[in-house]
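Listed in TrEMBL for this protein:
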type: DOMAIN; residues: 51-451; note: domain 'Major facilitator superfamily (MFS) profile'
type: TRANSMEM; residues: 50-69; note: transmembrane segment
type: TRANSMEM; residues: 89-108; note: transmembrane segment
type: TRANSMEM; residues: 117-136; note: transmembrane segment
type: TRANSMEM; residues: 179-199; note: transmembrane segment
type: TRANSMEM; residues: 211-231; note: transmembrane segment
type: TRANSMEM; residues: 265-286; note: transmembrane segment
type: TRANSMEM; residues: 306-326; note: transmembrane segment
type: TRANSMEM; residues: 338-354; note: transmembrane segment
type: TRANSMEM; residues: 393-419; note: transmembrane segment
type: TRANSMEM; residues: 425-447; note: transmembrane segment
Amino acid sequence: MAILQKHGKNSSPDLVCLKEKTPDKTGVAGGHQKKWSEPNTYWPRPLARVWTVVLLLGTCLLYCARVAMPICAVSMAEKFNWTKRDQGMVLGSFFWGYCFTQVLGGYVSDRVGGEKVLLLSAAAWGAMTAFTPVLAHFCSQPIFSMTLARFLMGLLQGVHYPSLASLCSQKVVESERGFLMSTVGSGSYLGTLVIGGAGSLMLDLYGWESVFYVSGMLSVLWAYCMWKYLLKGEGPIITLESLGSGGPQSKLSRRHWLRLFKQPAVCAVIITHLCTASTFFTLLSWLPTYFKDTFPDAKGWVFNVIPWFVAIPSSLFSGCLSDHLISKGYDTAAVRKLMQFFSMGVSSVFTLLLCGTTTFPMAVAFVSVTMGLTTFSHSGVSVNVQDLAPSCAGALFGVMNTCGAFSGVLMVYFSGYLIEATGSWASVFALITVVNLVGLVTFLAFAEARRVDIDSSKGRYHNIHI
């Protein structure tokens, strides 16, 4: 594992400080080499903190709307006489839609600004969520309308995380990106907790329709507040002209995209994120079944709630720790690797402990520590893409997330095959450990934090537009 070393942040011989409109006249000899600098469009710290809270709430509501269907699936199946296969088709259609808009969402965000894409998509998927009961009741074939609705939800929500990555790279200084991404990332765990508790209560008291109405309208309200108070009522219009102009970020041609994907550091973040997403989806999908099979008398709310309570402060802590180390002068690449070591390396130790014979409290403790450490990736590979390619961070994160979503679905299915073939949960936990170690070794070996989205051969003292 890379050793943390103090020095000037990520100084690289290929990247030299370039002041806007004015070339550096000091030359290399005797001059201090610095990083490539973008025009100063970063948020001041107070505004960045406001945006962090707003984006945290937005991600929380995103997961409330996403998990509304799984919460209500049983009640809806009874209402519309769905079979297990029908339920699986409705629930699974979300992930197919989720894969298709990752790259597009990041690409558009890099061109016009992530806040516009976030606002428009939130208004759309919020309205879709609130409108879901209407589609279910007034369509002659609810199974088809719900499958289509979930597919559209996946399409609309697929742009969320790539837009966050793009927005963070455009508006947040390097030493504070870890805190923002880890804090916003914790919104997914918070949203799962909120909809699991409040949604179940509304389901029992007011029916399944209320879960969709409340989560959908709150999402629309969040989008309105962001437009009214943060964007100051500015119209979030995305035109073909704005897409062609490139917006606040540079444009990358097809040739330079190919050059980008030939960079070992870029391939490393894609592979590592693929492994991280695969193991997370597998744990998320199979842990409830593991507890039910291994501890039949255990209370569901214990193992469904405690790990997420641990994950929230763990995610916040990882962001604070990574930003603190970078602000103290430690190498950014080494900090990213350290965070990923905890996320994939140390967590695998506790995953392996689940292979043996354990009591229920010990199993809950091991799972909680595993999920808590997994959140360190928000300050590792998830932020590293912004270090490498801030001009196209959204699109590149979309590529990563698409690969992660597809591999996650495949690994969930393969884990089910392993359970049936071996009759042992140890095979699944061993598989998770192997995949984690593959991703970790790749990241430790090839990850960097210097910019690779600019061609240093085109000149050292002139603005470069790709």
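Each Cβ is built from the backbone N, Cα and C atoms, and glycine gets one as well.
Bear in mind that TrEMBL entries carry predicted annotations, made automatically and left uncurated.
Source: prediction; values computed, not measured.
With a threshold of 8 Å between CB atoms, the same-chain residues lying at least 6 positions outside the transmembrane segment (179-199) that come near it are 48, 51-52, 55-64, 66-68, 71-72, 164-165, 168, 172, 211, 215, 304-305, 308-309, 311-312, 315-316, 318-320, 322-323, 375, 378-379, 382-383.
Within the same chain, residues 1-2, 4, 178, 272, 275-276, 279, 290, 318, 321-322, 325, 362-363, 366-367, 369-370, 373-377, 379-381, 425-426, 429-430, 432-433, 436-437, 439-440, 443-444, 447 sit at least 6 positions outside the transmembrane segment (338-354) and bring their C-beta atoms closer than 8 Å to a C-beta of that stretch. A contact links the transmembrane segment (117-136) to the transmembrane segment (50-69), because at least 3 Cβ pairs that are 6 or more residues apart lie under 8 A. Across the residues of the domain 'Major facilitator superfamily (MFS) profile' (51-451), the predicted structure has a mean pLDDT of 89. A Cβ distance under 8 Å defines the sequence-distant neighbours of the transmembrane segment (89-108), meaning residues of its chain 6+ beyond its ends; these are 66, 69-70, 73, 82, 117, 121, 143, 146-148, 150-163, 165-166, 238, 243, 392-399, 401-402, 405-406, 409. Proximity of the transmembrane segment (393-419) to the transmembrane segment (265-286) is established through 3 or more Cβ-Cβ distances under 8 Å for residue pairs spaced 6 or more apart. Between the transmembrane segment (211-231) and the stretches 50-69, 306-326, 425-447, it is 50-69 that has the most C-beta pairs under 8 angstroms. Tertiary proximity for the transmembrane segment (265-286) is limited to same-chain residues at least six positions away from its ends with a CB under 8 Å from its CB atoms, namely 340, 343-344, 367, 370-371, 374, 377, 381-382, 384-385, 388-389, 396, 399-401, 403-405, 407-412, 415-416, 419, 428, 431-432, 435-436, 438-440, 442-443, 445-448, 450, 452.
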